[in-house]
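K.L.:
Quick one: the structure is below, and I'll ask about it shortly.
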Amino acid sequence: MGCASSAEERAAPSAQQADREKLKEDGIQAAKDIKLLLLGAGESGKSTIVKQMKIIHESGFTNEDFKQYRPVVYSNTIQSLVAILRAMPTLGITYANKDRESDGKMVFDVIQRMEDTEPFSEELLAAMKRLWADAGVQECFGRSNEYQLNDSAKYFLDDLDRLGARDYQPTEEDILRTRVKTTGIVEVHFSFKNLNFKLFDVGRGQRSERKKWIHCFEDVTAIIFCVAMSEYDQVLHEDETTNRMQESLKLFDSICNNKWFTDTSIILFLNKKDLFEEKIRKSPLTICFPEYTRAYQEYGEAAAYIRSQFEAKNNSTTKEIYCHMTATDTNNNQFVFDAVTDVIIANNLRGCGLY
């Protein structure tokens, strides 16, 4: 009996050690499974990030993807031009050359016939080029913060000859610039730094609807919240009395201080910094923030002020907001995501008691 008891006593510590090792292994494995929730107001750059993750961490776009995005490029381009033409009468702007009226009618007819996803005919391409070169159209484009216009409009309209070529095939950059409204939940899986990522883009989601599903994501590792810096002087599509950045601030407040995300890391992506840097020279930040009193609209100071406004929404003394400024440039976002991943690894291991 004494020998048996002694053997049991000796076995107990080793069993406990095995349990500890098993718990540690499970913790390490759990720390390797990363769920990221992508949130932000409409047109804040969420879909672009999903596409960039596909380029960086998967095999990029397939031949079928390139084929499917071709009509999207055509539609985005002509719809952007139409948005400018429609805004001209509202803003009291006329064509510099009256001959452009017939060109405008041709473009409107294409939309009326729902042929905006078709390749441009030679006549249509020539009309679009003449319209884009018209001084009146350019004046209206310069006031695009006063109406709704895709921020990729200039990118595509400046390159009409390439888009209008008979053998045109979209580039990766073209696909990144396209705008397709996200419906439902988009899920992307990829591996990076020995981690297994699941990235969820839940689209726009009305505030009233958000309450119904937000708790389903309480176990996410981190939230990436996207803000379009360049939209500080624009209003919402659905409510043209509400400033887009002010709406983003409200949404960020509701997410950052949500009871479901008390222990969730929050990464703030201030997107479209390239467009913001260009716009801040001519459109004052006071449109969104009247209290911003700098006489000279300098990019660095203005960007820092926007960042401070979002960070000030954090009511927690223990939660840290990890902020990064990003552009449409994939190389820039690869560097940013690399830094973000290091933060996620450290926080996840710490949460499992392994760091």
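Placed from the backbone N, Cα and C atoms, the Cβ positions cover glycine too.
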K.L.:
Write down the single range among 67-74, 251-258, 267-274 that appears in Swiss-Prot as region 'G4 motif'.
P.N.:
267-274
K.L.:
Please identify the range among 1-24, 97-120 that Swiss-Prot labels region 'Disordered'.
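P.N.:
Of 1-24, 97-120, Swiss-Prot gives region 'Disordered' for 1-24.
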K.L.:
Looking at 35-48, 133-146, which stretch does Swiss-Prot describe as region 'G1 motif'?
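P.N.:
Checking Swiss-Prot against the ranges 35-48, 133-146, the region 'G1 motif' one is 35-48.
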K.L.:
Pick from 197-206, 207-216, 277-286: which range does Swiss-Prot record as region 'G3 motif'?
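P.N.:
Going through 197-206, 207-216, 277-286 one by one, Swiss-Prot flags 197-206 as region 'G3 motif'.
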K.L.:
Taking Cα-Cα distance, which of the binding-site residues L176, V180, D274 are within 10 Å of S47 (Mg(2+) binding site)?
P.N.:
L176, V180
K.L.:
Looking at the binding-site residues L176, V202, which sits with the largest number of other Cβ atoms within 10 Å of its Cβ?
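P.N.:
Comparing the binding-site residues L176, V202, the most crowded Cβ belongs to L176.
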K.L.:
Compute the average pLDDT of the predicted model within the region 'G2 motif' (174-182).
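P.N.:
Looking only at the region 'G2 motif' (174-182), pLDDT averages out to 89.
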K.L.:
State the Cα to Cα distance, in Å, between L176 (GTP binding site) and T182 (Mg(2+) binding site), rounded to an integer.
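P.N.:
L176 (GTP binding site) to T182 (Mg(2+) binding site), Cα-Cα distance: 14 Å.
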K.L.:
At a C-beta cut-off of under 8 Å, are there same-chain residues at least 6 beyond the region 'G2 motif' (174-182) that contact it? List them, or none.
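P.N.:
For the region 'G2 motif' (174-182), the far contacts come to 43, 46-48, 51-52, 61, 65-66, 69, 72-73, 76, 150, 152, 155-156, 201, 203-204, 328, 330.
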K.L.:
In angstrom units, rounded to an integer, how far apart are the Cα atoms of V202 (GTP binding site) and T182 (Mg(2+) binding site)?
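P.N.:
Between the Cα atoms of V202 (GTP binding site) and T182 (Mg(2+) binding site), the distance comes to 8 Å.
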